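The following features are taken from Swiss-Prot:
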- D6, E8, D188: Mg(2+) binding site (BINDING)
- S128, S129, K163: substrate binding site (BINDING)
Amino acid sequence: MATLLDIEGTVCSISFVHDILFPYALEKLPQLLKNEQFPIKPGGNQTSDLTPYLESFPEEYKQSAQALEDHVIDLTEKNVKAPYLKALQGYIWKSGYQSGEIKAPLYPDAVDYMKRVVDGGNKVFIYSSGSVPAQKLLFGYSSAGDLTPLISDYFDTVNAGPKMEAASYTTILKAIGFEADRVLFLSDNVREIEAAKKAGLRAYVAERPGNAKLTPQEKEDNVIKTSFEGIEI
């Protein structure tokens with residue numbers, strides 16, 4: 001058996017991502033861009049660790065530091081889950097986690113659940129719109145310490161696909177080698193839950209403080225969990 005976990009609004013609060021992580025990346029970006037040579041060109045003279053992340057941006061935003069910064073601000077404000085943005089954010093967050101400026105405040109019941117799953121001989125997998133490197137940082141530098149030994153693998157929109165499409169969950173099932181009915185998915189997003197169900201997974205909606213309010217119909221159509229205490233996979 002296995003459990004597949006979303007992150008934002010499921011194992012940690014939405015406010016951590018929107019109020020801590022996103023602003024941190026925006027604050028650090030201008031100084032980082034000062035060390036880059038614009039326009040950014042593939043195979044150019046840039047040699048910094050940041051350059052490969054910037055090369056993934058659309059051409060029109062690589063002409064100047066201001067254009068790129070404005071684009072990042074726009075995507076962040078609109079919460080657009082573009083893979084190239086997520087990769088850049090993960091790169092910037094890495095220094096914050098490693099310096100101790102950032103520590104992911106995971107819900108204690110989520111941490112306990114992950115430990116129970118693994119102690120029971122089962123597996124934990126992560127599926128988030130945040131990049132896989134960013135996911136590893138979040139669990140590696142959490143309020144409960146380094147939880148990466150508990151996690152068997154990580155999935156994002158690059159290696160699995162969009163979270164609201166059933167095909168993405170089928171891709172994950174093939175990668176982890178489990179039948180659909182042997183995997184429990186937990187997420188705060190009802191559309192993700194619906195997509196997972198279409199792929200045959202069992203799926204519960206996480207209802208956490210600060211999450212989007214569920215409609216009466218959504219509550220009727222889904223299993224709702226306000227805590228992971230007592231959840232058995």
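Count begins at 1; order follows the chain as displayed.
For all residues, glycine too, the Cβ spot is worked out from N, Cα and C.
Structural mapping of features recorded in Swiss-Prot.
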residue: D6; record: Mg(2+) binding site; CB count, 10 Å: 22
residue: E8; record: Mg(2+) binding site; CB count, 10 Å: 22
residue: S128; record: substrate binding site; CB count, 10 Å: 25
residue: S129; record: substrate binding site; CB count, 10 Å: 21
residue: K163; record: substrate binding site; CB count, 10 Å: 21
residue: D188; record: Mg(2+) binding site; CB count, 10 Å: 22
Measuring Cα to Cα, how far is K163 (substrate binding site) from D188 (Mg(2+) binding site) in Å?
12
In three-state DSSP terms, E8 (Mg(2+) binding site) is classed as strand
Spatially, which candidate from the binding-site residues D6, E8, D188 is nearest to S128 (substrate binding site), comparing Cα atoms?
D6
Same-chain neighbours of the substrate site, Cβ within 8 Å of the mean position of the Cβ atoms of S128, S129, K163 and not counting those residues, run in sequence order as D6, I7, E8, K81, Y127, G130, D156, T157, E192
Hey, for the Mg(2+) site built from D6, E8, D188, who else sits with CB inside 8 A of the CB center?
I7, G9, T10, V11, I14, S128, S187, N189, E192, A206, N211
